[in-house]
Each structure stands twice: as C-alpha cells, then as structure tokens.
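Features of the protein shown, as given by Swiss-Prot:
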- 161, 196, 200, 207: Cu cation A1 binding site (BINDING)
- 196, 198, 200, 204: Cu cation A2 binding site (BINDING)
- 198: Mg(2+) binding site (BINDING)
- 1-14: topological domain 'Mitochondrial intermembrane' (TOPO_DOM)
- 46-59: topological domain 'Mitochondrial matrix' (TOPO_DOM)
- 88-227: topological domain 'Mitochondrial intermembrane' (TOPO_DOM)
- 15-45: transmembrane segment (TRANSMEM)
- 60-87: transmembrane segment (TRANSMEM)
C-alpha cells in the first residue's frame, strides 16, 4: 500500500501490475534519452559561435528527425499493445464479482453464489480500532481467492465512479447503464486498498475499497459462512 513521501509505485501484486511497472521503466528510459539528447544539442548551440551553413536546410537532418520519432513511437506502442491485450477478457474466470458504485459506498455481488452480496461502507474515524487506517477501512471487505483469475463486472447506480486498486494495476470506470469489465489475479495473500478515482460528489473521498486475498480453502470457508 501507499505510504508517506512515497516516490514510486506500490509493490506489484499481480502479473499485470508487474508488466505495467516494466513498461513504465521502459518508457521512462526513452524519455530520459530524448531529454538528454535535446539538452545536449541546446547546450552545443548556445556555447558554440560557429554556425553550419546547412543546419537550417538539410535533407539529411529532416530525414533523421522524421524516421527517429517513428521508431521511438513503435518502441513504445508495441509493449503497450501487448499489455492492453493481456488485460483483455479471460475465457474461463474462476469467480465473477459484480461491483456497483453508489453515492458514497460500494456494493458487491458474487454471481457464482445464490445469495452472496453486501454493501461496503467506510468505517468512520471515531470507530477505528488501533492499527486500522484512516479513510481506508471498510465494514465489509471483498474476500477473494489468490492465484486464480477473477472477473470484476463494474457499473454504477447513480453517477460516474471509478473502481481502482493500484497494487493490482486496476482502474475501471463505473458508468450508469454500462457494464465494464476488469480481470485480476493476485500472486500473494494480503490486504489491498483502493479508492474511488472519479470525482463523484461531496463524499467522493470516503468510499474506499479493500480486497482481502486469501488461499482458496479460506475463501471457501468464508463464502460458506456468508451464505
């Protein structure tokens, strides 16, 4: 999860988030090289007193600065498209959970079970127990099995919301009248926090998301106790 004065991303908990971190590093390296080259050229032009006669009108230079950006864009686009397809629909999810955004809480329905659904509200600061996180704890956590592909169906009952869990690389808009889809798979157990990431009204900051990823046996025991 995030902490004070954090400069980087949260630790990756899913294969998709690991891919996104690698893509971020790849893109940042390209940006750094471009910036260094531009600064070098600017410095060179400002410090030299000589001017090459063909600098302002050279066919070779124009060819280079046309082809080079095209190559750079391809180097960025190819891994980006790969990740985009990896994030696309999975054919056989082990579990499907429907998420509905409300002003200002989330409701969840486990569609593979006959009657397993609940609302998830933020716990007020005055009711927090020692060690619990302010503005991030909820009364009902979303318990999910780890190391299994899970499909999230996301929509809204009222206004635009956005269901986001950074450590899993998830951010999907919740739009009234439209059902969006996201897939997740956690590589390790734990609690993973997120928040609504679309301004949705006065209490937008008070609708957190808490996922509890557990081994399959623990999930089966929990689901049995909830039905």
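Yeah, the Cβs are placed from backbone N, Cα and C, and that goes for glycine too.
Locations of recorded Swiss-Prot features on the structure.
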{"residue": "161", "record": "Cu cation A1 binding site", "DSSP (3 states)": "strand"}
{"residue": "196", "record": "Cu cation A1 binding site", "DSSP (3 states)": "strand"}
{"residue": "204", "record": "Cu cation A2 binding site", "DSSP (3 states)": "helix"}
Set of same-chain residues at least 6 away whose C-beta sits under 8 angstroms from residue 200 (Cu cation A1 binding site): 101, 103, 104, 159, 160, 161, 207
Can you list the residues of the same chain, besides 196, 198, 200, 204, whose Cβ falls within 8 Å of the Cu cation A2 site's Cβ centroid? 101, 104, 159, 160, 161, 162, 197, 199, 201, 207
Counting only residues 6+ away from its ends, which parts of the chain sit with a Cβ under 8 Å from the topological domain 'Mitochondrial intermembrane' (1-14)? 20-21, 24, 133, 136, 166-169, 184-188, 190-193, 213
Determine the minimum-neighbour residue: among 161, 204, listed as binding-site residues, which Cβ has the fewest other Cβ atoms within 10 angstroms? 204
Between residue 196 (Cu cation A1 binding site) and residue 204 (Cu cation A2 binding site): CA-CA distance (Å): 7
Using Cβ-Cβ distances, find the residues under 8 Å from residue 196 (Cu cation A1 binding site) that belong to the same chain and are at least 6 apart in sequence, listing them in sequence order. 101, 104, 161, 162, 163, 164, 204, 207, 208, 209
Identify which of the binding-site residues 198, 207 has its Cβ surrounded by the largest number of other Cβ atoms within 10 Å, counting every protein chain shown. 207
Other residues, Cβ within 8 Å of 161, 196, 200, 207 Cβ centroid (Cu cation A1 site): 101, 103, 104, 106, 162, 174, 195, 197, 198, 201, 204
